[in-house]
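In TrEMBL this protein carries:
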- 27-48: transmembrane segment (TRANSMEM)
- 41-290: domain 'G-protein coupled receptors family 1 profile' (DOMAIN)
- 60-81: transmembrane segment (TRANSMEM)
- 101-120: transmembrane segment (TRANSMEM)
- 140-158: transmembrane segment (TRANSMEM)
- 197-225: transmembrane segment (TRANSMEM)
- 237-260: transmembrane segment (TRANSMEM)
- 272-292: transmembrane segment (TRANSMEM)
Amino acid sequence: MAPGNGSLVTAFILVGLTDQLDLQVPLFFLFLLMYMVTLIGNLSLIILIGINSHLHTPMYFFLFNLSFTDLCYSSVFTPKMLIDFLSKENIISYMGCMTQFYFFCFFVVSECYVLTSMAYDRYVAICKPLLYNAAMSPKVCSSLMLASYLMAFSGAMAHTGCMLRLTFCDANTINHYFCDIHPLLQLSCTSTYVTELVVFIMACINIIVPNLTIFVSYGLILSSILHIKSMEGRSRAFSTCSSHIIAVSLFFGSGAFVYLKSSSSGSMDEGKISSVFYTNVVPMMNPLVYSLRNKDVKSALRKTLRRRKY
């Protein structure tokens, strides 16, 4: 039986990042290197936070989840992308495409809310320091993460459910290196109105709510920092937020650049190149940002390495 709601397509062809054969091997090694850095960086943070008791705080609990999300997120499409660089025909089955699309949506939405939870944590730490232990108790932190993953699950189910309703007749060539929303919508031979409406509603919820929360949190944080009299105190307070600000800017900035554009074929070609940034670069950069700019992480790494020597 053909998959989907009357769909005649059983497999898709991924155009990939480029069709220039002389670039395939260099790009393979470039993205393999990036993927290895992503795996090593995020796994290292996960292990460091897990084995060092002084990192068992709310901030590092959220960082643990961010690293886990980045690790899974990059693994949704990078291995397939690497295989396709060395393959003559970049084929992905219909169900494989829908599965990739589901996990892509799940981990993207997860990252939105993990970053939002981290912004709330920084707000409480700087603006309500005396209430921090009560406001960011283990129960509260676990509840925030549970809510993040539930929002991700509902968003991914909504997007994938609507995509499964579409019929794909003859066109099966996806102008991308993974199964993304706009390239799939372009291939449908039936009305995409309901799917586009759901995409719009879910985007409003999963983009506006996290961004509004982050902006309000940092507005209040900035106000509190400006009331600190000493320059040293201001610098210390700002340094605790700088890594998170960079992570938020990289993720939401690159995502907005890709999705807040028209879905024409010309912009699609630009979009798949731009999407490399949030699908491959951001998961690689987050552990580097949090390790290179964080004294606690660097201290934990030194202690762990010293223990390994003995």
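Residue 1 is the first one shown; counting continues down the chain.
Note: Cβ is positioned from N, Cα and C throughout, glycine not excepted.
Cβ atoms under 8 Å from those of the transmembrane segment (101-120) belong to residues 59, 62-63, 65-66, 69-70, 72-73, 76-77, 141, 144-145, 147-149, 151-153, 155-157, 159-160, 163, 178-181, 184, 206-207, 209-210, 213-214, 217-218, 244, 247-248, 251-252, 255 of the same chain, restricted to positions at least 6 beyond its ends. Sequence-remote contacts of a segment are chain residues at least 6 beyond its ends whose Cβ falls under 8 Å from one of its Cβ atoms, and for the transmembrane segment (272-292) they are 17, 31, 34-35, 37-38, 41-42, 44-45, 63, 66-67, 70-71, 73-74, 77-78, 175-178, 180, 183, 243, 246-247, 250-251, 254-255, 257-258, 298, 301.
The stretch in closest packing with the transmembrane segment (27-48), judged by the count of Cβ pairs under 8 Å and taken from 60-81, 140-158, 197-225, 237-260, is 60-81. Long-range contacts of the transmembrane segment (237-260) within the same chain, counting only residues at least 6 positions beyond its ends with a Cβ under 8 Å from a Cβ of the stretch, are 66, 108, 111-112, 115, 118-119, 122, 125-126, 182, 203, 207, 211, 214, 218, 221, 224-225, 228, 271, 274-275, 277-278, 281-282, 285-286, 289-290, 293-294.
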